[in-house]
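Colleague: Have a look at this one before I ask anything.
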Amino acid sequence: GALAHAFFPFRGEAHFDMSERWTLSGLKGHNLFLVMAHEIGHTLGLVHSPVRHALMSPYYKKMGSKALLSWDDITAVQQLY
């Protein structure tokens, strides 16, 4: 199921599933920072990316503390803003 979901800019809301195990490291649960950053991307107007390692990829992946924006994430934000 979905860990969280967000609405595009006209609403700007993000909701997180409180039954999930959220952590700041992502080692023993879902990394709150990564999921929140992904959902904030949606509130800014970004859609899912086909690039596997992009923050806006539709699939959650454990990235530890090495999470960076991909070229696809950066280009998408620059095109919108």
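Heads up, the Cβ atoms here are built off N, Cα and C, so glycines get one too.
Nobody curates TrEMBL annotations by hand; they come from automatic prediction.
Sharing the features that TrEMBL gives for it:
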{"type": "DOMAIN", "residues": "1-81", "note": "domain 'Peptidase M10 metallopeptidase'"}
{"type": "BINDING", "residues": "HIS5, HIS15", "note": "Zn(2+) 1 binding site"}
{"type": "BINDING", "residues": "ASP17, GLU20", "note": "Ca(2+) 3 binding site"}
{"type": "BINDING", "residues": "GLU20", "note": "Ca(2+) 1 binding site"}
{"type": "BINDING", "residues": "HIS38, HIS42, HIS48, MET56", "note": "Zn(2+) 2 binding site"}
{"type": "ACT_SITE", "residues": "GLU39", "note": "active site"}
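Tell me about the surroundings of these features in the structure.
Modeller: Taking DSSP states H, G and I as helix and E and B as strand, the domain 'Peptidase M10 metallopeptidase' (1-81) has 22 helix, 10 strand, 49 coil.
Long-range Cβ neighbours of HIS5 (Zn(2+) 1 binding site) (same chain, at least 6 residues apart, Cβ-Cβ under 8 Å): ALA14, HIS15, GLU39, HIS42.
There are 15 other CB atoms within 10 A of the CB of GLU20 (Ca(2+) 3 binding site), with all protein chains counted.
Applying an 8 A CB threshold to same-chain residues 6+ apart, the list for HIS38 (Zn(2+) 2 binding site) reads ALA4, LEU55, MET56.
The local packing around GLU39 (active site), expressed as other Cβ atoms within 10 Å of its Cβ over all shown chains, amounts to 19.
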Colleague: For ASP17 (Ca(2+) 3 binding site), what residues in its own chain, 6 or more apart in sequence, show a Cβ-Cβ distance under 8 Å?
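Modeller: Set apart from ASP17 (Ca(2+) 3 binding site) by at least 6 residues yet with Cβ under 8 Å, we have GLY1, ALA2, LEU3, ALA4.
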